[in-house]
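A short worksheet on the structure shown next.
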Amino acid sequence: MAVRLYPGGDVKANLTDSESLRTPSIVRGEAKSPSPPPPPHQQPPAPPTLGHAGFPEGGARAWLTVSGASACLFVSFGWVNCAGIFQSHYQANQLSNYTPSEISWISALQIFFMIFSGIWVGRIFDSHGPAALLLVGSFMHVFGMMMISLSTTYYQILLSQAICSAVGASMVFFPAFTCVSTWFLKKRGAAMGLVVCGSSIGGVIFPVMLINLIPKVGFPWAIRICAFLVLALLIWANFTVRTRIPPVKRPFDFKAFLAPLRELPFALLTAGIFFFYWGMFVPFTFIVVEALAGGMSENLANYLVPILNGASIIGRTIPNAVADKLGHFNVMISMAAFTSILILAVWLPSSGDAAIITFAVLFGIGSGAGIGLTPVLIASISPIQQIGARTGTAFSIASIAALTGSPIGGAILTSANGAFQSPKIFGGVACAVGTLLFIAARVALVGVKPKKF
């Protein structure tokens, strides 16, 4: 009997012709009855239920996991969302003798290592569970932030912020997503929205803390205070984030990471995530610098990051809940198209404070939905026992986009003599290509029929 695990955890059996026969066999003219089943004490244990009934869809442990996972996103992606604050601060202070493109590599590598590390974090999670990852990741993230407060040169900031802290953040980021996926199926979009909402709240709190603390206590102590907040939240996460599926130890095989890419829908989805992230991080990195160049006051420009992240709370919760009703791919395609239009039709021709603030609000909603729905889409087309590894595969490829998007935008900005139109076009076109690939992935899965998917 061949058993196939379908998306969402449904198990279906495909019987061969010989296995499907229930009438007596005719052998040499004699009928043979099927062999009687073995006594109950000799029968193998029944396999665990993996269908819809196997997902609790709630309960104390499930919602505690959601709360801890939201804390993980607060301290990981929420911290990364401060890219615009660091870009402007480094350009004006420690790294004033470096070009915008060179400085943007710090945030780009930070995002890259946080996302790319999923290629091995996912495999460790599937084999050993989340406990060790959360513990080691908590130490590395907090230690890296403390080292940022002591860093004064380019390479020191690169090692502490872009590598040590980022790898630690990855080790709490991926288990958060994967653990929540094991508790929910029908409500997975809504649950994931609450988890990803943590990154939006972190993206509001951390920039506001830095904006107000740096002038009062200096950059080093501002970073240390943020690190203490991260430590407190990660202690909570270590006690609450749990998976419902017991780990299954597997030998490390790099081919296992490439195997999902042989599936056309998964390959198209991964390509869509790549291009969407490639363009999406351009506004995150350069919106503050562009606003300052356009004459916006420094105080108001710095608040563009928390404004953007505050609006993304809407984008990372409401679309996810709606997607449970209308289809995750359907909503993702709509919000990705909305984000592409915003960059090309609103940010590209914008001028003046009001226009840029409006773009920041709307872009926060659109990009927030894109970030929040990404792990839901991956989980929806993955066997539940492989969600960790397959999420790592998709995100590790997307990390290359996160690594190169902002530096490419910075290089384009430098070659255009400070004209922001060119990097805006690059970001908008990349997001549009990602939208088309999301459509292609949906068509490969269910065709062009207007149905919930």
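Even glycines carry a Cβ here, placed using N, Cα and C.
Listed in TrEMBL for this protein:
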- 14-52: region 'Disordered' (REGION)
- 34-48: compositional bias 'Pro residues' (COMPBIAS)
- 62-86: transmembrane segment (TRANSMEM)
- 106-125: transmembrane segment (TRANSMEM)
- 132-151: transmembrane segment (TRANSMEM)
- 157-185: transmembrane segment (TRANSMEM)
- 192-215: transmembrane segment (TRANSMEM)
- 221-241: transmembrane segment (TRANSMEM)
- 264-288: transmembrane segment (TRANSMEM)
- 265-453: domain 'Major facilitator superfamily (MFS) profile' (DOMAIN)
- 330-348: transmembrane segment (TRANSMEM)
- 354-381: transmembrane segment (TRANSMEM)
- 393-413: transmembrane segment (TRANSMEM)
- 425-448: transmembrane segment (TRANSMEM)
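Between the transmembrane segment (264-288) and the transmembrane segment (425-448) there are 3 or more Cβ pairs closer than 8 Å, counting only residues 6 or more apart in sequence, so the two stretches are in contact. Of the recorded ranges 106-125, 157-185, 425-448, the transmembrane segment (132-151) has the largest number of C-beta contacts under 8 angstroms with 157-185. Ranked by Cβ pairs under 8 Å to the transmembrane segment (62-86), the stretches 106-125, 192-215, 354-381, 393-413, 425-448 are led by 192-215. At the 8 Å Cβ cutoff, the transmembrane segment (393-413) and the transmembrane segment (106-125) share at least 3 close pairs (sequence separation 6 or more) and count as touching. The list of residues near the transmembrane segment (330-348) in space but at least 6 beyond its ends in sequence, with Cβ under 8 angstroms from a Cβ of it, reads 272, 276, 279-280, 282-283, 315, 319-320, 322-323, 355-356, 358-359, 362-363, 366-367, 369-370, 373-374, 377, 421, 424-425, 427-429, 431-432, 434-435, 438-439, 442, 452-453. Confidence over the domain 'Major facilitator superfamily (MFS) profile' (265-453), given as mean pLDDT on the 0 to 100 scale, stands at 86.
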